[in-house]
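Under the heading active site, TrEMBL lists Asp107, Asp294. For Cys120-Cys126, Cys285-Cys289, the entry in TrEMBL reads disulfide bond. The domain 'Peptidase A1' annotation in TrEMBL covers 89-510. Annotated domain 'Saposin B-type' per TrEMBL: 319-359, 383-424, in sequence order. What TrEMBL records for 1-23 is signal peptide.
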Amino acid sequence: MGTSFKPVAAALLLCLLLPLAFAAPNDGLVRVGIKKRKFDQNNRVAAQLGSKEGDLLSASVRKYRFRGNLGDSEDADIVILKNYMDAQYFGEIGIGTPAQTFTVIFDTGSSNLWVPSSKCYFSLACYLHPRYKSSKSSTYKENGKSAAIQYGTGAISGFFSEDNVKIGDIVVKDVQFIEASKEPGITFLVAKFDGILGLGFQEISVGNAVPVWYDMIEQGLINEPVFSFWLNRNADEEQGGELVFGGVDPNHFVGEHTYVPVTEKGYWQFDMGDVLVGGKSTGFCSGGCAAIADSGTSLLAGPTAIITEVNHAIGATGVVSQECKLVVSEYGETIIRMLLAKDEPLKICSQIGLCEFDGSRGVSMGIRSVVNENFEKAVHATSEAMCSACELAVVWMQNTLKQNETQEQILNYANDLCDRIPSPMGESVVECAGLSTMPNVSFTIGGKVFELTPEEYVLKVGEGPAAQCISGFTALDVPPPRGPLWILGDVFMGRYHTVFDYGNLRIGFAEAA
């Protein structure tokens, strides 16, 4: 019996978590606790409605559109946010004196703090969440600089203000944050969070605002310039995890951390090695790949070619791509011959006429129409799909050739992979009853292999016969020179306690306790 797939972007979130902040024991650490809240029908409806407003996967790609110069003026005041269903760990903070309470996502993939403003008059979402009232705070300082945060098809816009921010049991003074005066779209109507507290670097901050955790360090409020995440993935336990500022809690991990240097400030980016499925190398990142640790993303995202192979290995089913099957059928043997002849893989698809770009320069395919603009657009869209399918096939066949498979075996394998290409939302489903037969998937970081079992990389949505199991691997393509890129979200960070060490510009991973 085949797996039915419902259009649930809710796959990106097992549970929503309700915030709980509390003071630390007397160990010099500042703690923000996280409490779980079960997924409900409102979240599912919101996800379905939200998906109709724009391509959420494209929004994720736009968030990670690494530009050559982080200070480019055209991008300086824009940072892309994810759909709220991608972020599941929430905490409680206070802004102002006396403190006004807000629930925020602690997101290492962005760098600004924003909450709804009392001056948000024309967005219904603002009336369903607490709103910051500057007139009620004795420590408020006017700033007024405008700000915009792009979100899918709309944008959160507002202005900067300054006030004190209470996190755990400490108060950070004169923090720059955004008062959101406009929150369009269905997403924020039912969102369980009020705002975002970014934990990325200032290099990607909207308006070049100083991130709140920079202020914590500058004001001497924490022992060390370090923060760490423990995300509790045990669905039977009430506590959702803990974010610790100023160091690490030894109760949150087992053994020693493996540290790797931050390769580029902005996101918490580092170099990752090979990806293994069932203990066997995929070969895709054997030469190294860039990766980002992102607490604001539920799943684990990577290049479409390798994600498709992983989903094939675990039996996940996506959307059948007819273009992919056509490429394998019509051009598969040609691609294999060209690979055996040692032709450059990046140029193969342009050489057989399916791509306008050969890896180094544009080449004309001569597809033009002046008769009908819509027809021209349709042709262009089809040619792009064929090009993408060809590029995927080249990667798959190149990897399979290394295993000394026959031509028939290679073509059959590539054809099977076409069935595993993730849906336009990026997600794929698996049979809940099949976890015991799925392989482990591993990532090489700092020379050490970090393994995920099926129980850890498969997300379960719902209970009983109506439950759906979602692959924790989703497709996201970032082109060279910044890519290929992996986003290690909560699926990975739940298994591995993660330390963000600003003082030494490094990231550490250890087995979570």
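Cβ atoms are placed via backbone N, Cα and C, with glycine included.
Around the Cβ of Cys120 (disulfide bond), the same chain contributes Cys126, Arg131, Gly158, Glu179, Ala180, Ser181, Lys182, Glu183, each under 8 angstroms and 6 or more positions distant in sequence. Here Asp107 (active site) is positioned 22 angstrom away from Cys289 (disulfide bond), judged by their C-alpha atoms. Between Cys285 (disulfide bond) and Asp294 (active site), the C-alpha separation comes to 19 Å. A Cα-Cα distance of 7 Å separates Asp294 (active site) from Asp107 (active site).
Within 10 Å of the C-beta of Cys285 (disulfide bond) there are 23 other C-beta atoms, taking all protein chains into account. Mean pLDDT of the predicted structure over the domain 'Saposin B-type' (319-359): 83. Considering only the active-site residues Asp107, Asp294, the Cβ with the fewest other Cβ atoms within 10 Å is that of Asp107.
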